[in-house]
Amino acid sequence: MKVMGIQRNCQQWWIWGILGFWMLMICNGMGNLWVTVYYGVPVWKDASPTLFCASDAKAYDTEVHNVWGTFACVPTDPSPQELGLENVTENFNMWKNDMVEQMHQDIISLWDQGLKPCVKLTPLCVTLNCNAIKNNTKVTNNSINSANDEMKNCSFNITTELRDKKRKAYALFYKLDIVPLNNGSTDYRLINCNTSTITQACPKVSLDPIPIHYCAPAGYAILKCRDKTFTGTGPCHNVSTVQCTHGIKPVVSTQLLLNGSIAEGETIIRFENLTNNAKIIIVQLNESVEITCTRPSNNTRESIRIGPGQTFYATGDIIGDIRQAHCNISEEKWNKTLQKVKEKLQKHFPNKTIEFKPSSGGDLEITTHSFNCGGEFFYCNTSNLFNSTKLELFNSSTNLNITLQCRIKQIINMWQGVGRAMYAPPIEGIIMCRSNITGLLLTRDGAKEPHSTKEIFRPEGGDMRDNWRSELYKYKVVEIKPLGVAPTKPKRRVVEREKRAALGALFLGFLGAAGSTMGAASITLTVQARQLLSGIVQQQSNLLKAIEAQQHMLQLTVWGIKQLQTRVLAIERHLRDQQLLGIWGCSGKLICTTAVPWNSSWSNKSQEEIWDNMTWMQWDREISNYTDIIYNLLEVSQNQQDKNEKDLLALDKWENLWNWFNITNWLWYIKIFIMIVGGVIGLRIIFAVLSIVNRVRQGYSPLSFQTLIPHPRGPDRLGGIEEEGGEQGRDRSIRLVNGFLAIFWDDLRSLCLFSYHRLRDLILIAARTVELLGRSSLKGLQRGWETLKYLGSLVQYWGLELKKSAINLLNTTAIVVGEGTDRFIELIQRIWRAFCNIPRRIRQGLEAALQ
């Protein structure tokens, strides 16, 4: 009995050991992590794609052709969407922003294209005989005398329609546009004739700025910093995503920034390096200051033919008083504004005195406030604006204006580059324009003395990039990376669609889950992927309409070319992502498990740390150095899987025996059979011929082909008797050599018999093999069934044992509890009886004592 118990215990331990081993293997397998591909994750990186424009060009004057080419832009969105990104911090750098460079090149190209069809003024590089203008009106205003000095009445010889004929023409030129040939002489020439070519702006080209919205192509996004005190560089904690910027007016000006955006809070000082006096300082005001500029002279314009098909527009006469152009600014508002700027600068230089002074010198465009007003280019002296002495004496109760004396030029040095100039045709009538000063461009003087207590700031400008930078400081373009990889436990399994029910996130933008954890963001993949594709389709439709609108033009504008580029770029981005998904075997899937094991060297963080605490942006930075390695492993894994599937498909042809009887297979069998038979017959013929040739060489001469030779009879038959005329013996005879057909028949018969015997043997072997396999399979099934029954009985036995043990445990517990209860009750009874017997015992004691 003891031996039987030991044997049973050993058997049980063996079974439990196997079960424990398999449980350990399953748990170990479940602990592995595998690479999972996600499409539509909110991840981005800095990028420099080609941007396209949107504008409401139709809302402006259609009679003139604006040089900005906004008629070729897509229409603006009437309800632009701006999506805030919670828990997102992004670094911005306005001084290294590709959007600024791109806008700068676009404006240059637009100016060049706008002036291409216009007239070249090379024929005007002739000697000009100029005299002062005679004013018939008697006035004593100093501004008139100043205006008289500003313009000259010039005569010059010009070519007519016939090149060999010349005639004299008269025109008024500004003094800034001509230079004397000799000192004290009345002979002049145009100022740019010896340095650059001059192109006259087309008369119907408008230079008035129209707001331009820069938009990112599909697959990209524009991030916007909404911090009110953002200085242009560093981290921004209030970030949103937009598809287009706000309307930016391409105002070309120096010293003062006009018609831009104002700061929402306090005045902001933006600089790249304040200690470097060569760097510009951009000031954004929180309140705009109105500046009103006018050219009071009522000018007329006349056209002068300077050659076949060429017309030069010049100032013909000035009707009424000749007064100098000027600008007016409210002294109270300006001084308050300058005082705010001074206070902001004082924070950066706490122990020094801040002073403002006029420009120290340079080109006219830099030393003055240059801008375009109604088609004329004004150059205004800002000495009265930047004057610290007047600022200290300022009385806030005054309502006076600061007047800036302005000069006008018609020959403009093109700010786009050196060696090019533009002639602005004169504008008829009185010119007046109102603008808003929204910012300043300043530079700091270098410290001439080491212990100087003053910091001097002067107005500056000239680099139009700073003008665009003052508006684009809060934007940056990023490329959306919808593909993400992360470790998960499942390995190449398909998640059922019913498990991804409605998520209630249909109103989230593509990057709306950027600040969420990876686990929360992965829920919105369907919405984000759908919005990515719909955004591509919508933008492609808008761009195509804008391109079709330009078909009547012989040459696309800058915007048309950029629209084509962005159209191609968006499609390339989408196709590239889809190609990667296809290479990895994840086409059409938002969450795609793979068979690539996760390497802990890529990231050793746990599942909870990754999915519950990290955003997709943080995770992307975590594994950015290993992304290429993971992508290569995904490709290798998919190639191996494709190879395995190909091998499996090759085996599937033999999966069904009925495929053997397919007509195409039988045709293949017949071809093989015919080749085998033909080969055997050919070999027999060759060997027969070789045998005959060999015998002939040995001297053998065959008998007649019809000679019969007797076939030996059997030993049980007697020979015939000729004399008695008995029956002749029926001896069998064979031919010595058969004919070709007979030989072919014998060979074919032998081959068929050989094939029959071999096939019969093969069928018998196959039948025997199938029989053995059937018996083995039957035995295996029987053993499996017995094993299952044994396992079932084992489970049943242990279930009964556990049931009995539980019953015994309950019985024992009940007995123990019952006995304990009885003993407790008995103890209580004894105590109660003893308590009740106390009087009796006392009485009995007293009785005993009294007796």
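Cβ coordinates come from backbone N, Cα and C, glycine included.
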Cys202 - recorded disulfide partner, Swiss-Prot, among Cys118, Cys125, Cys130: Cys118
Residue carrying N-linked glycosylation site as stated in Swiss-Prot, selected out of Asn153, Asn811: Asn153
Annotated stretch (region 'V2', per Swiss-Prot) among the listed ranges 154-193, 594-633, 754-793: 154-193
Candidate in Cys215, Cys236 joined to Cys225 through a disulfide, as Swiss-Prot lists it: Cys236
Disulphide bridge to Cys406 as given by Swiss-Prot, partner from Cys380, Cys433: Cys380
Feature region 'V5' in Swiss-Prot, mapped to one of the ranges 449-460, 713-724: 449-460
For Asn436 (N-linked glycosylation site), nearby residues of its own chain (Cβ under 8 Å, 6 or more apart in sequence): Leu258, Asn259, Ser288, Val289, Glu290, Ile291
Residue pair Asn604 (N-linked glycosylation site), Cys327 (disulfide bond) - Cα distance, angstrom, rounded: 68
Euclidean distance between Cα atoms of Cys73 (disulfide bond) and Asn351 (N-linked glycosylation site), Å: 51
Closest of Cys118, Cys154, Cys236, Asn599 to Cys406 (disulfide bond), Cα positions, recorded positions only: Cys154
Segment confidence, the region 'V4' (380-406), expressed as mean pLDDT: 77
Candidate nearest Asn599 (N-linked glycosylation site) in space, where candidates are the recorded positions Cys73, Asn87, Cys154, Asn238 and distance is Cα-Cα: Asn87
Spatial neighbour of Asn238 (N-linked glycosylation site) that is closest, considering only the disulfide-bonded residues Cys193, Cys225, Cys244, Cys586 and their CA atoms: Cys225
Neighbour tally for Asn259 (N-linked glycosylation site), based on other Cβ positions within 10 Å of its Cβ: 17
